[in-house]
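Here the structure is laid out as structure tokens; the discussion comes afterwards.
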Amino acid sequence: MSFSEISSDLFWYGMKSLRSCGVMNVFQDAVCTLNTLQTNASALEQVKRERGHPELQLQAMRGFLQRAGLKVDELDRLNIIHVTGTKGKGSTCAFTEQILRNYGFRTGFYSSPHLVQVRERIRINGQPIGKELFTKYFWQVYCRLEETKDAHGGSMPAYFRFLTILAFHIFLQEKVDLAVFEVGIGGAYDCTNIIRRPWVCGISSLGIDHTSILGDTIEKIAWQKGGIFKPGVPAFTVKQPDGPMKVLQERAEEIGCSLSVCPDLEEYQSEGSLRLGLAGHHQRSNASLALQLSHTWLQRHFLTGVIYIYIYDVFTGLAETEWPGRNQTLKHGPVTYFLDGAHTTRSMQACVRWFNEIAPQHERNAGGPVMRVLLFNATGERDCAAMLKLLVPCLFDFAVFCPNITEAIATCNADQQNFNVSVENMLTRCLDNQQSWRVLNGQEEKPGAELLIGGGLPLVAERQSHTLVFPCILSALQWISQGRDSVLSDPNRCVIPVKPSINAKADPLREAVNIHVLITGSLHLVGGALKHLDPALNS
């Protein structure tokens, strides 16, 4: 049965059931329903069952796709560009999508994670899909899977699998000319890898991440990433260390595809200096990879070297690319925020290099003392101490830690809820990071350090005047900005009370001409910060 035959009845069935429950905001209800797929029992059982047999992941994904009314061979119509890597794969996708959109193509772009709203993961022509369309397509897919779950042991796809299926469905329904798909984790067994015939594949910079899933060496990780290669489909990679490069070459030969290494960006001929819309020296290799991917896609589409005819569109695309949360600067009066979602040691090295280049430029124009503040958190199995060690030479006046909780009130946006980690574990991780920072800076623990409590909620852990832990992102930003950021000073915002002794520590922040805040360690942290700092992202 096709979607056209089932979607209308199921969609309105879903809408009717929502109204009967008195739910007014059907979009938020869709997001809340989506969030149940983070922790439902069948999803947890899937993870346990498939951990030792990763090939089962793709088998299960095909089953869910079929239950959702789609066929694997239908995905061939999307003319897909498939991209993986450890660092820079999202930026590469953003460059590629912008270039091809500049040519006039209707583009689809699937990425993860989202920063503020889940709709960001599924984009049409560079814009997150609208709330109305998201809600419509969500219930079409969800109701079909819900309807068939009893015949399949009650199983439902987990969060990322569901969103991948939803993206396939939306791009097919919206008739995009092409779709750029960013791999979630790895490649070989990632649920996006049910794609059979992409037009071109790309691999950005490789490094160590997700070791419990992908392996504990960069060579093992390279094997996983090379799993997206397909017979006869051209593939490109940026320059890699010798070990992983050899693995990628062996994977390409084994699978039966060509693998080319992208040239340095300086080797491309352009009139004048080539400008990138994304800051940071590391973006140059991502841009080169995007040029090769878009060039190859265009050659297949037109069966000619048309890219050389419209070279202006290519370089304009690179200059116009936007990708929030990556080497992003926001200036709010005397407070300037530097946001980068670096979450591995290699990406943190790039982040530090960028910050050390751009922050002094702002400080030279300050005309007085500037306070540097680090706002940090990291999740999962990341080596926090290693990342913090890289940040020490930046000479922060304050180091502030908080969990990836947007705000400590019940009205928190459903798009950013995470049910897979307890609040206690998140706060413990922050306290551990605080202690690591103190050790790295040669500070001895203050005797009798206490966890300050207010209104039943831990507000600030006080161990040293220059390091603090807050319970949520909003409370951390409010303390750092000290009322000097008009966006955060909105009278409608809830201001979490802080002990007078903690406010007293902020005197240097109130007296400084400017405050420079680096927010890094987690894309989820950056997304939570942007929710408060850039209200337009909430619309």
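Quick reminder: no glycine exception, Cβ is built from N, Cα and C everywhere.
Among the features that TrEMBL reports, Mg(2+) binding site is placed at Ser112, Glu182, His210. In this view, Glu182 (Mg(2+) binding site) is surrounded by 23 other Cβ atoms within 10 Å of its Cβ, with every protein chain counted.
Non-local neighbourhood of Arg326 (ATP binding site): Gly90, Ser91, Leu278, Gly280, Asp340, Gly341, each in the same chain, at least six residues away, with C-beta under 8 Å from its C-beta. According to TrEMBL, the ATP binding site annotation covers Arg326, Asp340.
Of all the Cβ atoms in the protein chains shown, 17 others lie within 10 Å of the Cβ of His210 (Mg(2+) binding site). Shown in sequence order, Lys89, Gly90, Ser111, Pro113, Val183, Gly184, Ile185, Asp190 are the same-chain residues outside Ser112, Glu182, His210 whose Cβ sits within 8 Å of the Cβ centre of the Mg(2+) site.
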